[in-house]
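Participant: Below are the structure tokens for one structure; questions will follow.
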Amino acid sequence: MNPQANLIFIISLLLGTTITISSNHWIMAWTGLEINTLAILPLISKSHHPRAIEAATKYFLTQSAASALVLFSSMTNAWHTGQWDITQLTHPTSSLILTSAIAMKLGLVPFHFWFPEVLQGSPLTTGLLLSTIMKLPPIALLYMTSHSLNPTLLTTLAILSTALGGWMGLNQTQIRKVLAFSSISHLGWMAIIIVYNPKLTLLNFYLYAMMTATIFLTLNTIKVLKLSTLMTAWTKIPSLNAMLLLTLLSLAGLPPLTGFLPKWLIIQELTKQDMAPAATLISLLSLLSLFFYLRLAYCTAITLPPHTTNHMKQWRTNKSTSIMIAILTTMSVMLLPISPMILTIV
């Protein structure tokens, strides 16, 4: 793709995200979401592969339907209350329609079917944008309307997302699909706490985005898309593979690593809200996703396949990407000890 065109699309993405996050009026928020959708479509389909075109079409159709539902929800609320302000969403029907629209935008169960397919058809760099920056505007809208959402509905969606995200990722061999189901599972953790403590949802999203960015950039550096090629990739940059192992375990939420922090705080908050059964259930369901993270980690650094390809070790990598990966990896693995400071900032 032409670098100038690429730059325009990236700037449009940032502009759309900024408009949605900073707006108070529903029409402005909707405009930002539309700019985002239109800017990411060329980035998904830039390889001109039939699978990429299919992914872009699926993405366009689902996002258009979700945007229409956002408009319908805000118009219903304005009809009943006379308010176009995002924080004044008080009508129950409007909040129900909005929850469905945001679930469709994010890929929460039962509106999750498009996300693994779209991620599988996209390049790794576009997959990174789809998994991180494209999730921010819908989560910001959920954050602003969290006081009027239905807790029972969100808890149900969250538990179903964690269950299906873990369960459907078990038998995948394509890494992008595994990361898509991982995203659905993490969104379940964010959705369950949004009504009770919205700041925890944002903290969870920031840490998830950081760890996912590390994994996508690492995979892009070592040029790996399938589990079978991941097994032989350790010969390229062994140190990077070792750090990928730790980042995957962090994304799984294992204790000494950064990923444990949001899970720990969410379980604590749910227990305070007398939702110990939900906390227990979502913790047990996250063991499903732990299995496929361990499988990825095993393929990354522990397996020695019978037929190794004789790669020369790379003595020189792209410097700017290397620095970025180094910073992100360090943060993905070592932020747990400074969690009190993180909590005071948040």
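Every residue, even glycine, has its Cβ placed from backbone N, Cα and C.
Taken from TrEMBL, the feature domain 'NADH:quinone oxidoreductase/Mrp antiporter transmembrane' applies to 23-288. Summarising the annotation, TrEMBL assigns domain 'NADH dehydrogenase subunit 2 C-terminal' to 290-343. Annotated transmembrane segment per TrEMBL: 5-21, 56-75, 95-115, 152-171, 178-196, 202-222, 242-261, 281-304, 325-345, in sequence order.
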Participant: Residues of the same chain, at least six outside the transmembrane segment (95-115), with any C-beta under 8 angstroms of its C-beta?
Facilitator: 33, 58-59, 61-63, 65-67, 69-70, 72-74, 76, 89, 130, 135, 137-139, 141-142, 145, 148-150, 153-154, 157-158, 160-161, 163-165, 180, 183-184, 187-188, 191
Participant: Could you tell me what the rest of the chain brings near the transmembrane segment (325-345), counting residues at least six beyond its ends with Cβ under 8 Å?
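Facilitator: Sequence-remote neighbours of the transmembrane segment (325-345) are 203, 207, 210-211, 213-214, 217-218, 221, 240, 243, 246-247, 250-251, 255-261, 265.
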Participant: Which one, 5-21, 152-171, 178-196, 202-222, has the most C-beta pairs under 8 Å toward the transmembrane segment (281-304)?
Facilitator: 152-171
